[in-house]
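Below is one structure, written out as structure tokens; the observations come after it.
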Amino acid sequence: MKLARLTPSHIPYYIALMRIDKPIGTLLLLWPTYWALWLANAGMPSLTNFIVFTLGVVIMRSAGCVINDFADRKIDGSVKRTMQRPLVSGQVSSGEAISLFILLITVAFLLVLMLSVNTILLSFGALALAFCYPFMKRYTQLPQVVLGAAFGWAIPMAFMASINALPIQAWLLFIANICWTVAYDTMYAMVDRDDDLKIGVKSTAILFGKYDRHIIGLLNLAFIALMLSIGALNNIGLSYWLGLSVAIVLLVYQQVLIQQRARTDCFKAFLNNHYVGLAFFIGLLFSYPVAF
């Protein structure tokens, strides 16, 4: 396989490949990143860090989608939800996908060069996780854990960029985000479970089996417990606790949605997690003075 020149006429297909038209993944990455920036800076992140991390998340999520579709190009045609993706349909070649991935990670690396040396070093972990995750579903029943680490790696990076240290709050938030990510991505995997079983792809939805709802509930309990401890350690104001209360209600609502394990309801529950992330961010936002 050779690298290919990116063609302007294929821009709509590149947009679809990067999922720019489907921002849910970007939002689920952005909220924990913003939590970390606000916690690390007591609600006053620098404008530079805010812009760099926002753009970095958008670009790296796009890069992750590209390498994911490249890794899955031979199996996506067997899954109802993914059979129309650009690499499967032939609208984008494998060479174009790799060229686009290299372009995106290059731009992301240029952005991270604006941050501290230690943050730059941490960014290589983000790249490794983004590259490895798509292949994990072939080798482990827990690819969602790797996804959680990938989706949360901006948390230690945000703390390092802000205070040049990784306090206990950073790691508690990182672990909380892994619990949350595994929970919501298990709901997402429940949508494809029947197809994945046929083609031999592994996931937590398959691993958890009939206990999927119970384990999702336990993961979300761990997530909430960790977010409670973070709030207590940081002595955060009332609005944070209100945001946490809203998040709890939303997580309970998701349990109701997935009760019958219907595909559409599981996907709806997955999408609802955007509001969980937003609730925590609004809570943090109003717990501190207005930033910038």
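Every residue, even glycine, has its Cβ placed from backbone N, Cα and C.
Feature list (source: Swiss-Prot):
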TRANSMEM  24-44  transmembrane segment
TRANSMEM  47-67  transmembrane segment
TRANSMEM  97-117  transmembrane segment
TRANSMEM  119-139  transmembrane segment
TRANSMEM  145-165  transmembrane segment
TRANSMEM  171-191  transmembrane segment
TRANSMEM  214-234  transmembrane segment
TRANSMEM  238-258  transmembrane segment
TRANSMEM  270-290  transmembrane segment
_Please report, as numbers and ranges, the same-chain residues at least 6 past the borders of the transmembrane segment (24-44) whose CB is under 8 Å from any CB of it._
50, 53-54, 57-58, 60-61, 64-65, 151-152, 154-156, 158-159, 162-163, 169-170, 173, 177, 181, 184, 230, 234, 270-271, 273-274, 277-278, 280-281, 284-285, 287-289, 291-292
*asked:* Let me spell it out: take the transmembrane segment (47-67), skip the flanking residues so only those 6+ beyond its ends count, and list any with a Cβ under 8 Å from a Cβ in it.
replied: 17-20, 25-26, 29-30, 33, 37, 41, 97, 100-101, 104-105, 107-108, 111-112, 114-115, 126, 130-131, 133-134, 150, 154, 157-158, 161-162, 291-292
*Who are the long-range neighbours of the transmembrane segment (97-117) in its own chain, taking Cβ under 8 Å and residues 6 or more past its ends?*
1, 3-6, 14, 17-18, 48-49, 52, 55-56, 59-60, 62-63, 66-67, 69-70, 73, 87, 123, 127, 130, 157, 160-161, 164
*Which listed stretch (119-139, 145-165, 214-234, 238-258) has the most C-beta pairs under 8 A with the transmembrane segment (171-191)?*
214-234
*Chain residues outside the transmembrane segment (214-234) and at least six past its termini with a C-beta under 8 angstroms from it*: 39, 168-169, 172-173, 175-177, 179-180, 182-183, 186-187, 204, 208, 240-241, 244, 247-248, 251, 254-255, 258, 280
